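K.L.:
Annotation comment: TrEMBL describes 363 as active site, proton acceptor. Taken from TrEMBL, the feature UDP-N-acetyl-alpha-D-glucosamine binding site covers 9-12, 23, 75, 80-81, 139, 154, 169, 226, 333, 351, 366, 377. Under the heading Mg(2+) binding site, TrEMBL lists 104, 226. Under the heading acetyl-CoA binding site, TrEMBL lists 380, 386, 387, 405, 423, 440. Summarising the annotation, TrEMBL assigns domain 'MobA-like NTP transferase' to 6-130. Summarising the annotation, TrEMBL assigns domain 'Mannose-1-phosphate guanyltransferase C-terminal' to 259-348. The region 'Pyrophosphorylase' annotation in TrEMBL covers 1-228. The annotation region 'Linker' is assigned in TrEMBL to 229-249. Here TrEMBL flags 250-455 as region 'N-acetyltransferase'.
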Ligand code: UD1
Ligand code: MG
């Protein structure tokens, strides 16, 4: 087998997107379109991965600065897909099979690409075509009487008869580097748009005595994204794919059409329930029997077995161990580590904390920069005062501590093992093991108090 060169066209202006963002960076499922194409390509282990960039290209390159398997080629003129390919030609391995992909066709899959490559050699190239219920805007596939593909005619160049053809060009094809090198320089811009059409490779290859093979793709997956309506249509298809995959792997979704996946869900178990209106973003890992309640938003988190997220909770970059329960209305911010059997209740915000095994913060609390031991009870309205206006400080609460309601813990501060803090206290120095700390003023009562009367 010859080495594989993948070339992704991503230099177009994307005029119809009406956006300052390069089209390949517009997202499907929380990932730029180009990233989806790159993932499919990488599954084939290509010897090279070339991306042709141009319009707002620096922004595009910057988004991929850590992906060093990409060879970037700049298209300096914007004269169409054929022009773009001419810039890539010098970078392409001289004796390879070339797979041409579009950054605006993000739902392509490796299996379809593999099928195309199997039909390519020095005498044959393979074009991916699709049967479209609405062919408007696409290049139409022209076949001769014997049924062989002989040309592609763009919408703007097509006559009435050709416009009626429903087999259209996906844009994707596989070709030998030698055939590409022989045909590219002969593409002309003699057409309605005065552009160099890469699709002209078809008729030029035929002139050279080659045959055009075709592979059939699924139109719903291979629609190009040219405007934001099409972007939303592909998003809907992508979301359905993700939901199906999860449901078929043991996840119950009560209203799947309202669940959004903006990243990668790693299933570490089954019998997971996702209630309506949930969004999972980034990398989210879910264990056995995890239950995610209505309206929750979870990003980059690991939820171990038996975790329950009650409705309307938010979790960001956090770790929830076995049998943790949070919410309703809990907000776990970055680096909240909740150990087994711990609980975080309604209107509790946490950030950068460890909550020990079996510990509870059930109501109306802020816990930030805190290390909380085993079996601790944090009363309603407790606040860790972690920020002095300039720096953050740490609160350490050891095992079996009881913090009474409406207490402020002014960090840096430690409450030692088994200590009790009386309700309504402001704790500004460390509390020793087993003691009771209370800063509440003594209660006074004035008998028969007369309230002021209106004059
Ligand atoms: C193209 C095809 C059309 C096909 C359709 C499928 C041509 C002439 N037409 O039309 O037959 O049905 O895709 O979606 O090829 N690009 C560059 N440099 C350029 C122009 C475009 O890199 O100068 C890139 C774009 O970034 C995009 C891809 O090429 O990723 C396709 O360009 P686009 O302008 O969207 O072509 P279509 O009009 O959709
Ligand atoms: Mg397009």
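Keep in mind that glycine also has a Cβ here, set from the backbone N, Cα and C atoms.
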K.L.:
Which binding-site residues among 80, 104, 169, 380, 423 have CB under 6 Å of ligand 1?
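P.N.:
Cβ < 6 Å from ligand 1, in sequence order: 80, 104, 169.
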K.L.:
Within 10 Å of its Cβ, which one of these binding-site residues (169, 226) has the largest number of other Cβ atoms?
P.N.:
169
K.L.:
Just to verify a number: CA distance, residue 440 (acetyl-CoA binding site) to residue 366 (UDP-N-acetyl-alpha-D-glucosamine binding site), in angstrom, no decimals.
P.N.:
21
K.L.:
So which one is it: of the binding-site residues 11, 423, which has the fewest other Cβ atoms within 10 Å?
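P.N.:
If we count Cβ atoms within 10 Å for the binding-site residues 11, 423, the smallest count is at 423.
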K.L.:
Greatest CA-CA distance (Å) over the residues 380, 386, 387, 405, 423, 440 that the record ties to acetyl-CoA?
P.N.:
23
K.L.:
Who sits close to residue 386 (acetyl-CoA binding site): which same-chain residues at least 6 apart have their Cβ under 8 Å from its Cβ?
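P.N.:
For residue 386 (acetyl-CoA binding site), the qualifying residues are 368, 369, 370, 392, 393, 394, 395, 411.
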K.L.:
What residue among the recorded positions 23, 333, 363, 440 has the most other CB atoms lying within 10 A of its CB?
P.N.:
23
K.L.:
If you measure residue 169 (UDP-N-acetyl-alpha-D-glucosamine binding site) to residue 226 (Mg(2+) binding site) at Cα, how many Å is it?
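P.N.:
The separation of the Cα atoms works out to 15 Å.
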K.L.:
Count, for each of the binding-site residues 104, 139, 387, the other C-beta atoms lying within 10 angstroms of its own C-beta, and report the residue with the smallest count.
P.N.:
387
K.L.:
Do any of the recorded positions 104, 363, 386, 387 touch ligand 2, in the sense that the CB is under 6 Å from one of its atoms?
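P.N.:
Within range of ligand 2: 104.
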K.L.:
Relative to the Cβ of residue 366 (UDP-N-acetyl-alpha-D-glucosamine binding site), which residues of the same chain, six or more apart in sequence, are found under 8 Å away?
P.N.:
348, 349, 350, 382, 383, 384
K.L.:
Round to the nearest Å and give the CA-to-CA distance linking residue 80 (UDP-N-acetyl-alpha-D-glucosamine binding site) with residue 104 (Mg(2+) binding site).
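P.N.:
Here the two Cα atoms lie 14 Å apart.
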K.L.:
Please tell me which one of the binding-site residues listed here (226, 380, 387, 405, 423) sits closest to residue 9 (UDP-N-acetyl-alpha-D-glucosamine binding site), measuring Cα to Cα?
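P.N.:
With Cα distances computed to residue 9 (UDP-N-acetyl-alpha-D-glucosamine binding site), the winner among 226, 380, 387, 405, 423 is 226.
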K.L.:
Using only C-alpha positions, which one of 11, 23, 139, 387, 405 is spatially nearest residue 104 (Mg(2+) binding site)? These are the binding-site residues in the record.
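P.N.:
Looking at Cα distances from residue 104 (Mg(2+) binding site), the smallest one goes to 23.
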K.L.:
Of 11, 139, 333, 363, which recorded positions come within 10 Å of residue 380 (acetyl-CoA binding site), going by C-alpha to C-alpha distance?
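P.N.:
Cα within 10 Å of residue 380 (acetyl-CoA binding site): 363.
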K.L.:
Select the closest residue to residue 423 (acetyl-CoA binding site) from the following recorded positions, measuring between CA atoms: 11, 23, 363.
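P.N.:
Spatially nearest to residue 423 (acetyl-CoA binding site) by Cα position is 363.
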